[in-house]
């Protein structure tokens, strides 16, 4: 991925229910978690090399809390892949797909393990650090606004603007906001809840490909660190390991 000048963004999103789950968030005793719920800003769900808090600490230079993992979460019915650009990507459920995503055959991008879900690590990003992360992910700050919410284009439904406010444009990834199921809070052992999350999605490169050589050690570190945090090891072996050879 190439570093681009990160855009300035403000959030006023309404999450879309992706698995018939309630949008109610279970409260916890963590002041940090409470403040982010109240701020209405989505938590960032990392699914690639940013699963590594070590890497996040080198990218989030404004606020050290941006690289502190808060929880393990999952996106039901999403799929994980290494795309033809050589980096991790996720494919949304069929009802949310746009552009080239709609042409992906199910046998080309396999279901994400026996649980049919993508797991990730949640971070509460400082807005300044999120802008930096936009640069690392190659978000196009000049991309046009996405199609109006709920518009249908031929036979495919366009995701609401609350999910996908902009087109991907010339960027490497686009910014989506959806709901994720929290399966484990790392500081306070509470029941699972549903939270609003930011996910970087490459809508254009959706075919399988080999990982970049420089990406392999970073992904190995990401797998080790996230599994140590609580990301299911079985899922990592089923879904990520076929694309990421061990060091």
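Every residue gets a Cβ built from N, Cα and C, even glycine.
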Students should find that the region 'Disordered' stretch in TrEMBL, chosen from 140-170, 171-201, 202-232, is 140-170
Per DSSP, residue 45 (substrate binding site) is which: helix, strand or coil? strand
Around the substrate site (44, 45, 46, 47, 48, 49), what further same-chain residues have their C-beta within 8 angstroms of the site's C-beta centre? 50, 51, 88, 120, 121, 199, 200
Applying a 10 Å Cβ distance cut-off over all chains shown, what neighbour count does residue 46 (substrate binding site) have? 25
Can you count the other CB atoms that lie within 10 A of the CB of residue 49 (substrate binding site)? 22
